[in-house]
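Participant: Just passing along the structure, written as structure tokens.
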Amino acid sequence: MDENKTRSKHFLLLVYQSFGIVFGDLATSPLYVYRSAFAGRLRHYQSEEAVFGAFSVIFWTLSFFSLFKYAVFMLSVNDNGEGGIFALYSLLCRHGKFSLLPNQQASDEELSTYQHAGYSNRSVPASSFRRLPDRDKKSKLALLILVLMAASMAMTLGVLTPAISVVSSIEGLKVQSNDLNHRIMVALAGVLLLSLFVLQYQGTHKVAFIFSPVVLLWLLSIAALGVYNIMHWNPRIYEALSPIYIYRFFRLTGIDGWISLGGALLCITGIDILFTEVGQFSASSIRVAFCFFVYPCLVLQYMGQAAFLSKNFSAISLSFYASVPGIASMTLIFITTSLISLSIYFVWHKGLALALSFFILFGTIELTFLFSSYIRILQGGWVPLLLSSIFLFTMFVWHYGSRKKYLYDQNHKLPMKWILTLGSDLGIVRVPGIGLIYTHLANGVPATFSHFLTNLPAFYQIIVFVCDKTVPVPFVPQKERYLVGRIGPKSYRMYRCIVQNGYKDVNENENEYDFENALIMSIAEFIQLEAEGGGSGTPDGGSIGGRLAVVKSSENFGKRFGISKSNGFEGTSSSSLNITSSKSATLVKLKMMYDEQESPEVKFKTRVQLTLVDTRYKDSFVKEEVMRLMEAKKFGVAYVIGHSNSKAKWNSPFLKRFLINIVYSFLRKNCRAPSIALSIPQTSLIEVGMNYTL
């Protein structure tokens with residue numbers, strides 16, 4: 001009983017918070033819908049029939065897209081509870097094989113978040129159309145461009161919509177003060193926008209609690225105002241709920257009415273947020289909030305405005321800003337419909353006829369609105385097109401360059417025969433410690449390793465190739481995050497660790513010690529399971545047998561280890577370090593001084609010390625290997641990462657040289673360094689210069 005009460009309270013809390021985050025744009029759209037719809041030549045149709053027809057178009061647009069398509073259907077579509085464009089693309093990459101990056105492994109499908117009931121494609125007969133992504137690279141590229149275009153439009157809406165809503169709200173002050181000039185309005189709008197973005201820094205939870213009562217009060221106010229206008233000005237407005245008025249509207253206005261569809265479309269501004277924010281709230285909470293509160297309030301307001309305008313048509317004011325998002329919003333909605341149609345066939349494995357029916361039902365109506373919106377390009381519609389084009393170009397070039405780099409690494413990785421011919425010492429000096437070599441490759445040995453040994457023929461006693469891999473799922477459970485295998489015979493002391501992350505996973509480690517300890521425990525767990533024969537193999541060509549064993553964390557993971565915490569350099573002395581290390585006291589002190597000078601925050605960090613508590617192993621060889629691993633950990637961990645310089649081949653086409661040598665290089669130099677993105681400690685970082693000829 002108490003559990004049911006807790007769930008009910010949590011559900012109601014989500015419903016309440018959704019008002020402040022999800023419905024802000026929808027709630028403010030009545031500020032500019034009518035004046036945008038009646039812009040241009042439609043303002044010459046000053047009759048009750050024209051106003052009634054415009055309201056009928058707005059009502060059915062809001063009902064068809066917001067209520068039927070999104071609230072009823074789209075909120076039921078999700079990727080492990082996540083919605084949005086990337087969720088749909090992730091589903092298509094997993095089940096339709098649309099990914100352009102060839103880093104898929106059999107172990108990916110073993111993730112608990114990878115497969116879902118009704119989504120599996122193992123028992124589905126492979127038709128020629130289903131095999132199209134495997135055969136045709138152009139189809140994968142076309143889908144990628146479509147997804148990037150949708151993401152660009154979403155970012156454009158994020159830039160423009162807040163400004164449009166705030167400016168439209170400020171313009172309402174002119175009703176009470178005719179002396180309010182344009183400069184004061186812009187200044188007030190700037191202050192409000194700045195305050196809005198400052199508040200967003202506090203987090204979604206606080207913003208939701210602040211804005212939810214504001215949005216609720218606003219919706220109640222406009223609903224009450226709508227009821228008043230209906231009763232006072234024209235109670236007959238309810239007749240326009242009939243779709244027959246849409247036919248009468250276009251019969252009266254002709255081409256001018258079709259052009260006005262771009263303005264009527266603004267009634268669903270921000271509707272895509274309902275689908276995008278599914279993961280932050282829940283489908284049921286958003287559906288309840290919209291169907292039982294937001295939608296009725298908006299309908300009453302639009303009815304009230306129409307009732308008022310039918311008797312006071314000259315009160316409609318025009319606004320340039322209202323026509324700006326009349327393209328970005330509709331393009332985003334149309335692309336979402338296209339992706340859903342593909343998902344019906346490739347992900348849910350329904351018939352091609354059903355997928356086409358869905359596309360025809362929604363796509364044809366959306367294309368009508370879209371073409372109407374593109375007529376307004378010269379009236380401000382060029383703004384979202386310009387911004388989205390910049391975003392699209394930037395993301396595409398980044399993906400293009402990153403894919404070329406990955407293929408270069410894949411083609412230049414070292415063969416295992418070369419590793420095996422070097423012997424267990426690899427023909428170099430092996431020094432105490434652990435060396436982590438970061439690579440994008442999920443199999444094979446990267447060229448970075450041979451490049452390092454060529455210039456400095458010495459490396460650490462324990463070698464771990466770390467692949468930070470993004471899997472096409474929203475998140476990866478912590479117990480499934482580390483996949484560990486061995487490279488070469490046991491005497492080589494070389495391992496591989498694939499760190500799997502979803503596209504919404506965030507690095508929540510307090511510091512580098514959390515990652516190091518988790519990695520060491522994962523390798524120790526792998527050594528134990530390998531001896532017991534509990535590892536599951538996936539083809540990789542890493543071990544002698546041609547297979548690389550990959551394991552998941554078991555129920556006993558980490559129980560053999562103890563963890564102690566200390567702040568900064570506390571609890572660390574030269575005498576204690578000399579017991580576990582061959583480093584002299586002078587070297588230890590110099591390293592501590594360097595750490596403190598180069599990274600002052602180090603002494604304020606919490607150091608997590610890992611110790612082996614339970615040393616009882618059935619297999620003496622397992623115990624020996626784990627003890628060597630722990631001993632190497634005490635000597636320290638170094639992070640080796642490639643510092644790349646990418647250039648196109650000299651005989652490449654001009655366009656490719658421009659994209660790689662200028663645009664991609666500029667983006668690489670002005671984005672976060674890989675060591676920062678991967679949270680690698682600077683004091684333990686070794687960068688290896690690499691030239692990529694793409």
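From the backbone N, Cα and C atoms, a Cβ is placed for every residue, glycine too.
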Participant: State the residue range annotated as transmembrane segment by TrEMBL; the candidates are 257-276, 457-476.
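Facilitator: TrEMBL lists transmembrane segment for residues 257-276.
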Participant: Write down the single range among 12-32, 432-452 that appears in TrEMBL as transmembrane segment.
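Facilitator: Comparing 12-32, 432-452 with TrEMBL, transmembrane segment matches 12-32.
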Participant: Within the domain 'K+ potassium transporter C-terminal' (432-693) only, compute the mean pLDDT.
Facilitator: 74
